[in-house]
Amino acid sequence: MAAEIQPQPLIRKPILLQRVEGSQEVVNMAVIVPKEEGVISVSEDRTVRVWLKRDSGQYWPSIYHAMPSPCSCMSFNPETRRLSIGLDNGTISEFILSEDYNKMTPVKNYQAHQSRVTMVLFVLELEWVLSTGQDKQFAWHCSESGQRLGGYRTSAVASGLQFDVETRRVFIGDHSGQVTILKLEQENCTLLTSFRGHTGGVTALCWDPVQRVLFSGSSDHSVIMWDIGGRKGTAIELQGHNDKVQALSYAQHTRQLISCGGDGGIVVWNMDVERQETPEWLDSDSCQKCDQPFFWNFKQMWDSKKIGLRQHHCRKCGKAVCGKCSSKRSSIPLMGFEFEVRVCDSCHEAITDEERAPTATFHDSKHSIVHVHFDATRGWLLTSGTDKVIKLWDMTPVVS
């Protein structure tokens, strides 16, 4: 008698559409060309390339342009086909691409920074070019006149830059872990606030102008969602990577966050759930469950004739506990802990199976990611890796 074949559950995962290879060094940034089967890339090998899909199904460069210095970053505006490229020597070079993407015409150069440009953004509505550099300067220029409009010195080298057109607020994340918010006027800026939440440097920023939340990724492997518009100061932590978070992208239509890291992971977070803030860790000289003294509490150790214990913290309630009272592990997805973390025994009993249900999906890109670009119209994701390869993914099975 034949054994009954059980149907396998359908596993949803990104579909690899194409590998784009040919760069001699790391591709620092790349974007998917809207409404075309094409990619624009800038690389450490000093080249700007526009890759178009040929009849053979392969992507080949229709433009191969050598720059005077390694290309560190770029910003592309599809409406005007304006390409702004940040260089290692501190210059920002602007080009206009032809309609068929077979030619690029130089427009102007900005002597924006004293050293490598780390981020560049072109704002069409205001005709501004925003940039940050390794010289710890944020600058903005008028794209019509080429004139520098103003600048601001950051506390450390900036590695994340986002802008809200409606309020003219610029968000700058830097290597010290600080996020700075400035209000820009035509020729001056005002510091609104700055805040920290990461234990490592900020590596990526992503702004959602609809929900008015800011996402920051860090070398501490975490993502934090900052509620800017709600004015409540809430900060939701997301833990889903085993290496530094390198890039973030937000799908507004589905309220899903895509985070990518040096571990090659592509994590898709459901942000359409009621998430909870992680508690502050409480200070105590003894376990807040069994009252055993911690190893620095000499008086209680002497009085009770007991050996001091090492302090831990429950990730759910924040209490200071000993190892015996926190022997269990659990995921707490609504608090952002998709992996199992230390919780005290009483919290472990209180967490329901429903609360352990994942709110994120995990996928392996099979290369250490340095940059991503998401085309929401087609549901395509571009990843660029340290292996000098660009990969195009169909994300519709998981971003929907």
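From the backbone N, Cα and C atoms, a Cβ is placed for every residue, glycine too.
Annotated domain 'FYVE-type' per TrEMBL: 281-352, in sequence order. What TrEMBL records for 20-51, 195-228, 238-279, 362-395 is repeat 'WD'.
DSSP places the residues of the repeat 'WD' (238-279) in helix, strand and coil in these numbers: 0 helix, 21 strand, 21 coil. Contact counts against the repeat 'WD' (362-395), taken as Cβ pairs under 8 Å, peak for 238-279 among the stretches 20-51, 195-228, 238-279. Long-range contacts of the repeat 'WD' (20-51) within the same chain: residues 59-74, 76, 78, 83, 85, 95, 97, 101-102, 104, 370-371, 373, 375, 377-378, 380, 382, 384-386, 388-392, each at least 6 residues beyond the stretch ends and with a Cβ under 8 Å from a Cβ of the stretch.
The list of residues near the repeat 'WD' (238-279) in space but at least 6 beyond its ends in sequence, with Cβ under 8 angstroms from a Cβ of it, reads 14, 200, 203-206, 208, 210-211, 215-225, 315-318, 334-339, 341, 359-374, 376, 381, 383, 385, 393, 395, 398-400. Across the repeat 'WD' (195-228), the model assigns an average pLDDT of 94.
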